[in-house]
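Taken verbatim from TrEMBL:
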DOMAIN    46-292  domain 'G-protein coupled receptors family 1 profile'
TRANSMEM  30-52  transmembrane segment
TRANSMEM  64-87  transmembrane segment
TRANSMEM  107-124  transmembrane segment
TRANSMEM  144-166  transmembrane segment
TRANSMEM  186-212  transmembrane segment
TRANSMEM  233-256  transmembrane segment
TRANSMEM  276-294  transmembrane segment
Amino acid sequence: MKHCFYNETVGFFYNNSRKELSAHWRPKDVLVVALGLAVSAVVLLTNLLVIGAIAANRRFHYPIYYLLANLAAADLFAGVAYMFLMFHTGPRTAELSLRTWFVRQSLLDTSLTASVVNLLAIAVERHRTVLTMRLHSQMSGQRVAGLIFFIWAAALLLGLIPSYGWHCLCSLESCSRMAPLYSRSYLTFWALSNLLVFLAMVLAYGHIFVYVKRKVARMARHTGAHPRHRDTMVGLVKTVTIILGAFVMCWTPGQVVLLLDGLGCQSCDVLAVEKYVLLLAEFNSVINAVVYSWRDHEMRGAFRRILCFPCLRNSKYAPTVAKLNAAVARGHFTVDSSV
């Protein structure tokens, strides 16, 4: 029968994994916390803006925008989780109970998993709509709600599994170096799961990229092709390139480091880069809001109306607002399908 160490301190497991616990604030710790809090604040503000814009504008009440709002909610949760981490890191780590340590890690795992699965759901939705030459998906509200429920159920399951058994409290030899209370097998499973999701996204967006490129080439050979439609296709190709580039740069380093730690690579200095790759992954929550929302013309207009709400009473802006409202009333508005 295995002996479990439920009554030990966090420091005991960090010593077991040979991960340093600082007793005082070092310049490196202060820098990481300052950067982390700054990124978290930006994540919270940008994603609150996205959620507010989608909730306030009835034209955004379509499946793709519901998924964007859910992505923003996941990224908002990631910002809260990362801010919680920043307030419980450095010298404060040694003061944590095992329960608080697991809560800290579970918040991060759940939020980051929800963000990644949301990205996959959006990739699948865009793949279906682009290939059928539609602007919006034909999914019913019930199916969208079911998909959102599945996303959060999967994220909660993966985030809470370590707290309810997939840890190393009863098997010290299997403890991770980066997360000293986690089993290396869990880190391997989590990293491989995310890398498989990443591969699925690459395949989906890669197919979109090739399809749109061929479509634009065919349209260019026909002088009768509508310029607006062609421009929308080109905009979609640009958006896909930004999405893949940002995702690769922000997520791949962290997943590779986790996988190396999970596989027990002794020659890999994973502890030297762990905080920075996690910060880079968190920064993707800012990029999501920019890429998926700011490139949409109507979303930009909604942002301006929210941010400039105090200015709307100013007569200087009244003519512009009046013209906008008149255009809306006549139905003359455009939607950028490059999301």
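Positions of Cβ are set from backbone N, Cα and C atoms, glycine also.
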The transmembrane segment (276-294): which same-chain residues, six or more beyond its ends, come within Cβ distance under 8 Å?
32, 35-36, 39-40, 42-43, 46-47, 49-50, 53, 68, 71-72, 75, 78-79, 82, 108, 112, 115, 119, 122, 239, 242-243, 246-247, 249-251, 253-254, 257, 300, 303, 339
Which of 30-52, 64-87, 144-166, 186-212 has the most Cβ pairs closer than 8 Å to the transmembrane segment (107-124)?
64-87
Close approaches to the transmembrane segment (186-212) from elsewhere in its chain (Cβ under 8 angstroms; 6 or more beyond its ends):
109, 113, 116-117, 119-120, 123-124, 126-127, 130-131, 158, 161-162, 166-167, 176, 178-179, 233, 236-237, 240-241, 243-244, 247, 251-252, 255-256, 258-259, 261-263
For the transmembrane segment (30-52), give me same-chain residues lying six or more residues beyond its boundaries with a C-beta closer than 8 angstroms to one of its C-beta atoms, as numbers and ranges.
68-69, 72-73, 75-76, 78-80, 82-83, 85-86, 89-90, 275-276, 279, 282-283, 285-286, 289-290, 293, 299, 303, 306-307
Average model confidence [pLDDT] within the domain 'G-protein coupled receptors family 1 profile' (46-292):
84
